[in-house]
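Enquirer: Please see the structure below; I have some questions.
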């Protein structure tokens, strides 16, 4: 126990020195950077000595896990020393770089230009290689990071399952306690369904429902809006736009998220630096890709997702299973990158499902969950020692992570059992598996929870009750209620507008859609070939064509716009949670960026139909017909946006839109002229009705007063009604998105 306390004290000393150094950098920006680097150099020396003492003082670590971990920390400390020596003019130690193999250069300090110049002449051998990209990666310096200590005590979370008659509560998390400091990587591990992702979302401020209990603090302060700009959150599914390239994805993120103090050129340079830092230079001009679009590999997609978050130099970085779907080598390289990010003074928390033994030894701290309960919290290197102390040891050589997951699942094969559990099986006082005489998973889980609560839990809670020795300035920064936007409203709108056009032009101008519109136009032109409006029969035929145009360009935009917000819901939630832009800027950019794309195909359609059908050959009627169709498209698009944003479910939205469009078509004035008074109000809500009247007005204003039973007037009423629909439907869609944001707590 004395050795454990000693090593814990040394670890805390290392974290305290890191905070003091970074705090000094924040407090005195005019102070010579050489002094800051010098203090970091002395801290690195102390860390290396501490690592050696810890290695010498922990011979009892199970499986050699502790030894390997301390060797890694010692090498990392040695590399820090070597880099500091280079900044003062000394040679870089190649042996240290080779021992690390894969390095990440977020140091957290900015060197003066003369010292940067001294540190530039590296040889090719000094720069670690990115094996997957096949190229060397340059290093770059990052500005100081605001250190954030994360604590969570007795965290609980419940969900309410709504039934037919009654609602049922289900416990997801029960009393989870732990902490992680700057410079550390905390792994949340456990079997599927144990609550790892829920805990990660709670710690990252993504869940704020009333069913959340316990305390989560950042530098001893509760969560605030300011932290959104200091937190990076990488979701398990890579939520990226498939038609944007790697470079475009990171550049747009940099323009939206980096501080206003940086110029556009500096933000773009930061994106390029991250591309090279992550080894993505080979695929920077390749599309991200998706289900139906070929793009980058799975490992490259994951690195793009991580790059999206480390662009802002976050103080806290959360990752949800970053190694899922990756091969062992790529997974190891990804976790090593996270460790190097943490060494720069950042706090890293990640969920991990089934790491290899090499990955497991990269973690500093571990939280082991089982059925929502805490089975272990502490140093990852001491996990096997703890479980050995309660009588659970592997009988054969195995991966430590595999052993821990077996215990969390209640699987006791190849595991020695404590005498207490064996006695329960022999006396038959517990539910046991009679085939092999082993306790059931439920009994094993109960024993592990009781063992942790009786031996470790209270001690850890007392440690977390001790206030952090931080300056009030650091606490005030974290608790600031003010949001820190990376760009002005207009800049957000213009960036999102450009991004929207670049992403969706592939869908709008696909050969399938162009063929659909042009083939319909040609068929209409052939059916109404050079129709004559001088006869009553010809006039009625042309009125049918105009009504079909009104219906087609009312139906088509509705079912295109319905998919807008439901398909982008995951992206919107992710970017809004990261404080990338205001909802109003996104909504306006999203709706206006569709207009240039939506108005190209109607022009092609009308050019074909208008002249083949022999409509009024004059410039004024042609352009007025074009404007009328444009107004109908924008109004119908607003209806689709409102339905999609309100329901956020494609199946229900499509069903509602089908009924609505059919009703508007029937009430459009072509099929029935005399509508009962009690239901006549429907036709005034139909954009088909107003569009049809305007088209008749444009083509036959010289023929009074009614055509096909439709009375022609000045047309101002119809224009006013369509304009009201354009803005009214969009306002309803915006309110629906605002309601969704409030419900999700984004």
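Along the chain as shown, residues are numbered 1 onward.
Backbone N, Cα and C define each Cβ position, glycine as well.
Just so you know, TrEMBL annotations never went through curation; they're auto-generated.
Per TrEMBL, the feature region 'Disordered' maps to 1-80. According to TrEMBL, the domain 'ABC transporter' annotation covers 150-396. According to TrEMBL, the transmembrane segment annotation covers 508-531, 543-566, 587-611, 623-647, 659-682, 719-737.
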Enquirer: Can you work out which residues elsewhere in the same chain, 6+ from the ends of the transmembrane segment (508-531), have a Cβ less than 8 Å from its Cβ atoms?
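Expert: That would be 538, 541-542, 545, 548, 552, 597-598, 600-601, 604-606, 608-609, 611-614.
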Enquirer: Which stretch, 587-611, 623-647, 659-682, 719-737, tops the Cβ pairs under 8 Å count with the transmembrane segment (543-566)?
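Expert: That would be 623-647.
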Enquirer: List, by number or range, the same-chain residues at least 6 past the transmembrane segment (719-737) whose CB is under 8 A from its CB atoms?
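Expert: Answer is 565, 572, 583-584, 587, 591, 631-632, 634-635, 638-639, 641-642, 644-646, 684, 687, 690-691, 694.
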Enquirer: Taking residues 6+ outside the transmembrane segment (587-611), which of them lie with a CB under 8 Å of any CB in it?
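Expert: Counting only partners 6 or more residues beyond its ends, the transmembrane segment (587-611) has Cβ contacts under 8 Å with 492-494, 496-497, 500-501, 504-505, 508-509, 513-514, 517-518, 520-522, 524-525, 528, 545, 549, 553, 557, 560-561, 564, 568, 617, 622, 625-626, 629-630, 633-634, 637, 641, 730, 733-734, 737.
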Enquirer: Average the pLDDT scores across the domain 'ABC transporter' (150-396) and report the rounded value.
Expert: 91
